[in-house]
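Per TrEMBL, the features are:
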type   : residues : note
DOMAIN : 11-89    : domain 'DED'
DOMAIN : 106-181  : domain 'DED'
DOMAIN : 279-403  : domain 'Caspase family p20'
DOMAIN : 428-515  : domain 'Caspase family p10'
């Protein structure tokens, strides 16, 4: 019996080590912050790794072999959903248990969400405004470290967020809205202190249906919907006002027609991303065709890469193509482009990846998986401030599930499945970063293969390029175009009529993304 207990304990600690190996420095800082209400400040100050946090939680009986829910909740809060399976959890299972077992307070959730939305520029402004409250010695602070410092000095607490409100009012109304949502929820729902879920990634767009990606809606989502409602009411009022002026005061008709045209042109610009900068932006195309071991050559992929280069060059982007990159080379490439200063003059950023894949990840040439979320996270406002508030579009042509038997002319972009293990399912909404201005276009819904003709290229990329050429000249926005792509791909079948595919976009865009109409005709 003693040997069995030792084996269980050893396996448990091995799992904790495995979790630690999969967390980066930012994840450890987030875990440390979320545990602030559970562990003493002094002990947390000495934390250098996730293992240190696990040791402290075990010492306080928050974590043991029989009860791992707190760790599951923490991983859920920082969006490391793929690690939940190490302890037998899924995202949905954690969500169901939060009502009874959740330990991270809405206050701590609010501060963490706030920190995720504070860009480097905002942080500089906040530190400048608070310089009289901070230590005189010069120090470099992250957003989380700044919040902890304010708590230590008694300037911020669960029942006192006034100073934070005043600072955010000066820096960003959006930040202020996050705090206001917390205070309103605290007043109206005091009995549900530990049940507010963290914010899911925004709305996803599947086919013709725009749906929330989770049944649990974070309170900040309601605030955003309220903003949209106010905008809708204001616009409707102005439309009625303009109608009455135009058609009941005939002597002023022509003057007001000119004013009306200007107003509606202005309104369209206000509801669309700015796309008139000195540089349209860069488009990366990563085309993995050949692999080192068991994965098959992706015949036809070069056709896709060439088509993407032609279409996005026509749309004004500077296209750079990379072929057969290993997993490490993909990561290094993302870091290189993350720090590019030229982004500050760009309207947008686009990245297309063509490879084999699994749920929530793509394969490098070395057949090692790279997380889609990790790739996209290099371009958040915090990591790449030059692209803050600019649209960032990612198009992924890769399977998101296991290979199925296909006819000779159609292949699946997936690895031959290992039936002894089941891949953790990760939806596009989980891959997309937790902030605005991202779009992730996936060739297929999670768990399924995507198809590639060995000569003509993939169904998804060919449909995407075709619809961009057709609909950009008509002034259509990107979500309308992707709906047409869904329609196109959804109608396609293989030559035997037995295999189908459905793409799935997920997005956190705040405005319409509309490519300016090119002067030249579409490429042939």
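Glycine too: its Cβ is placed from the backbone N, Cα and C atoms.
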Counts of helix, strand and coil residues, the domain 'DED' (11-89), according to DSSP: 52 helix, 0 strand, 27 coil
Secondary structure content, the domain 'DED' (106-181) (per DSSP, counts of residues): 51 helix, 2 strand, 23 coil
For the domain 'Caspase family p20' (279-403), the number of residues DSSP places in helix, strand and coil: 40 helix, 39 strand, 46 coil
Segment-level pLDDT (mean, integer) for the domain 'Caspase family p20' (279-403): 91
